[in-house]
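Asker: Per Swiss-Prot, the features are:
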- Cys161, Cys164, Cys183, Cys186: Zn(2+) 2 binding site (BINDING)
- 5-70: domain 'J' (DOMAIN)
- 144-151: repeat 'CXXCXGXG motif' (REPEAT)
- 161-168: repeat 'CXXCXGXG motif' (REPEAT)
- 183-190: repeat 'CXXCXGXG motif' (REPEAT)
- 197-204: repeat 'CXXCXGXG motif' (REPEAT)
- 131-209: zinc finger (ZN_FING)
Amino acid sequence: MAKQDYYEILGVSKTAEEREIRKAYKRLAMKYHPDRNQGDKEAEAKFKEIKEAYEVLTDSQKRAAYDQYGHAAFEQGGMGGGGFGGGADFSDIFGDVFGDIFGGGRGRQRAARGADLRYNMELTLEEAVRGVTKEIRIPTLEECDVCHGSGAKPGTQPQTCPTCHGSGQVQMRQGFFAVQQTCPHCQGRGTLIKDPCNKCHGHGRVERSKTLSVKIPAGVDTGDRIRLAGEGEAGEHGAPAGDLYVQVQVKQHPIFEREGNNLYCEVPINFAMAALGGEIEVPTLDGRVKLKVPGETQTGKLFRMRGKGVKSVRGGAQGDLLCRVVVETQIGLDEKDKQLLHELHESYGGPTGEHNSPRSKSFFDGVKKFFDDLTR
């Protein structure tokens, strides 16, 4: 049975940011957790699927491999022998959820990692094929340079929370059960800021715009993402920063169309060139090259120019340029031209092209047979 798509399992889009994935995971894990569905085998299987999808989609390397190859990326030990069994620290997801419900509190919450950011970058085809370095300016939250992320006024320190005594959790009794909950006073941090920093007002972060130099590798295409680790928003109170994802969008080109690593273009030629053959110049991304057109060439014929396409960003052979010939009907003919064409037309045997146009003859023969069959 084919495995379900990881994004569909979590109910998120393929461009979802990490915080969206975490939010979806929390909601589904709560619903299907074995402690809430004891003896329900279907819920247990669903929970395993959710857990597996979460582990892949929150790991940037695994997610990139999955986006490119799907489930095949992890077959035959593709996950380094570990599979999906362990290795992910699910306490950071469940601590504030299942700790509150089942009493399995994990103590003080860690300060939240900074949010990931996304920047949409538009490139020309030439830039995408050759690679380019671009400067971008993004609005973000950066660590406060006065309190260095602590949120406290310089010369002071955050104070231990008097409600939870620094544990980040409080215990509530409900009948025979003792249930641990996140401390409502400090929101689980275990500390309070009595003298907040004047610049960030106790948040530890300030709004700023920053300029980054982004190196785009040669061969990228629409939909590719480039990850800049640690260039997202600063984390809360000194926690690690998030990442910045640059999403590539390649503009439409007036001459070339790209399909994978191959480029396509249409090359118009006149009737005489198509009939007699000859040599023409065609464009490539590296300049003009000569193309030999044989006689009796028809519209739609493809000529392949090897190695004139795109070099894959993931390595491998360079693609090709495929030129599709379009035989163009001449316009602006004078009387002499028309007379010559009339004579040529008659020499072909009229509209059926009996002698020189086998496709025309075949077409008209087919039309005649069609009407003959109708009148029988």
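One is the number of the first residue shown, and numbering goes on along the chain from there.
Backbone N, Cα and C atoms are what each Cβ position is placed from, and that goes for glycine too.
The shown structure was predicted, so the numbers you read here are calculated from the model rather than taken from an experiment.
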Asker: Taking pairs 6 or more apart in sequence, does the count of Cβ pairs under 8 Å between the repeat 'CXXCXGXG motif' (197-204) and the repeat 'CXXCXGXG motif' (161-168) hit 3 or more?
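Answerer: Taking Cβ pairs at least 6 residues apart, the repeat 'CXXCXGXG motif' (161-168) and the repeat 'CXXCXGXG motif' (197-204) are not in contact, as fewer than 3 fall under 8 Å.
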Asker: What does DSSP say about Cys164 (Zn(2+) 2 binding site): helix, strand or coil?
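Answerer: Where Cys164 (Zn(2+) 2 binding site) sits, the three-state DSSP reduction gives coil.
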Asker: Looking only at Cβ atoms, how many others are within 10 Å of the one on Cys161 (Zn(2+) 2 binding site)?
Answerer: 21
Asker: Could you count the residues of the domain 'J' (5-70) that DSSP puts in helix, in strand and in coil?
Answerer: 48 helix, 0 strand, 18 coil
Asker: Note the Cβ centroid of Cys161, Cys164, Cys183, Cys186, the recorded Zn(2+) 2 site, then list each other residue of that chain whose Cβ lies within 8 Å of it, in sequence.
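Answerer: Here the nearby residues are Pro162, Thr163, His165, Gly166, Ser167, Gly168, Gln169, Val170, Pro184, His185, Gln187, Gly188, Arg189, Gly190, Thr191, Leu192.
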Asker: Same chain only, sequence gap of 6 or more: which residues have a CB within under 8 Å of the CB of Cys186 (Zn(2+) 2 binding site)?
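Answerer: Long-range Cβ contacts: Cys161, Thr163, Cys164, Gly168, Leu192.
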Asker: Using DSSP and three states only, what is Cys186 (Zn(2+) 2 binding site)?
Answerer: coil
Asker: Under the DSSP assignment, what numbers of helix, strand and coil residues are found in the repeat 'CXXCXGXG motif' (197-204)?
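Answerer: Across the repeat 'CXXCXGXG motif' (197-204), the residues distribute as 0 helix, 0 strand, 8 coil.
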Asker: Using DSSP, break the zinc finger (131-209) down into helix, strand and coil residues and give each count.
Answerer: 0 helix, 35 strand, 44 coil
Asker: Can you give me the same-chain residues 6 or more apart in sequence from Cys183 (Zn(2+) 2 binding site) with a CB-CB distance under 8 Å?
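Answerer: Once residues fewer than 6 apart are set aside, Cys183 (Zn(2+) 2 binding site) is near Cys161, Thr163, Cys164, Ser167, Gly168, Gln169, Val170, Gly190.
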